[in-house]
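Student: The feature transmembrane segment is assigned by TrEMBL to 12-33, 106-125, 137-157, 196-216, 228-246, 261-279, 291-311, 371-400.
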Amino acid sequence: MAETKTVHSPLVTYASMLSLLSLCPPFVILLWYTMVHADGSVCQTWDYLKQHGLQGFINIWPRPTAIAWKIIACYAAFEAALQLLLPGKRVEGPVSPEGNRPVYKANGVAAYVVTLVTYLSLWWLGIFDPSIVYDHLGEIFSALIFGSFIFCVFLYIKGHLAPSSTDSGSCGNIIIDFYWGMELYPRIGKNFDIKVFTNCRFGMMSWAVLAVTYCIKQYEQNGKVADSMLVNTILMLVYVTKFFWWEAGYWNTMDIAHDRAGFYICWGCLVWVPSVYTSPGMYLVNHPVNLGLQLALSILAAGILSIYINYDCDRQRQEFRRTNGKCLVWGKAPSKIVASYKTTSGETKTSLLLTSGWWGLSRHFHYVPEILAAFFWTVPALFNHFLPYFYVIFLTILLFDRAKRDDDRCRSKYGKYWKLYCEKVRYRIVPGIY
């Protein structure tokens, strides 16, 4: 069994775990309450809490209801069935530290199309009204908070009793094991990959489903959809479409290939993504802004361009890896560093580090258009309230932390080659600044 390497020091892990456990669930509820019942105003919620104290907070926390559990169960079962049953190309993930190579079925685009077509058809045919989801959103988030915690306990126990591969094991500390996870690639049976389900098919899919839900809710409420809501929904859907189009590439990223399936990543995908990532749209339901055609189209174009650049960064690196560097990057042969490293079993392997194209601008340039895209789908809300921008701020902190973690990991993996790479590509994220 592999020994777990903690990603941060135990002190940072304890601090982040305790804050995640104690602050994130109430934050999700307060975010929903503020967006839906307090006019999007942080001050209004703050005044309410000041006046009513802890009891006031307990009063606004919705209890998970039968309908909330039913909605979650139907959605989860539907997505799990699509993941298992839809046909898809066989794709291999990267070789793990223990030398395992996970195999996936790439059917994300099909699952995405089937999900949205089914959801819209149910609404169109009058079988299910998506505004029910919005009306019970607080109860759904509340159920997700508790349900996901139980799911993480299941992952912890499974990691101890029945790990799916040798990429698993304990670091000897129950809190760190629970938080960072026991297994890198947990599966149920041979084919049902838990991380693909939590991160992609539940988390990212819920983003698209809720974006559509908010749009439909505004339409049913006002008889029309404001241009601000359309820009927000289109950009979110373009982003999620890009994600599923590139899903096999996502399986090579830190989330899947390096972060184990623990509370940090699974609770985040099951609760934080549906609540926080979709929050600009949640705000716009009751705050329609009329941008006018020119402004709306400008924001839309800037957002689509950002998403395209983000996609092209990932595509460029994927193509470079797939062809082993024998491809063109921006019309010419790529510049690269050939780096060798040792696996935990002592084998020596080589990797190619791309130092031209988007990847010559900075080591994590793809985060710049990602943050800009989030800004462009939030900015239709204009600047009356601060809260819609929470996601953009959170995303910036998350990606800067991730870039640092990735750099630290690569430094220890590649040693002198990484030093050479950093001399060639000097900036971490923002060219010329950081």
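Just so you know, glycine gets a Cβ as well, placed from its N, Cα and C.
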Student: The transmembrane segment (137-157) vs the transmembrane segment (228-246): three or more C-beta pairs under 8 Å (separation of 6 or more)?
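Tutor: The transmembrane segment (228-246) and the transmembrane segment (137-157): touching, no.
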Student: Residues of the same chain, at least six outside the transmembrane segment (12-33), with any C-beta under 8 angstroms of its C-beta?
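Tutor: Same-chain contacts beyond the ends: 6, 45, 57, 60-62, 137-138, 141-142, 145, 175-176, 178-180, 263-264, 267, 271-272, 275-276, 279, 282, 387, 390.
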Student: Top stretch among 106-125, 196-216, 228-246, 371-400 for CB pairs under 8 A with the transmembrane segment (261-279)?
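Tutor: Out of the listed stretches, 196-216 contacts the transmembrane segment (261-279) most.
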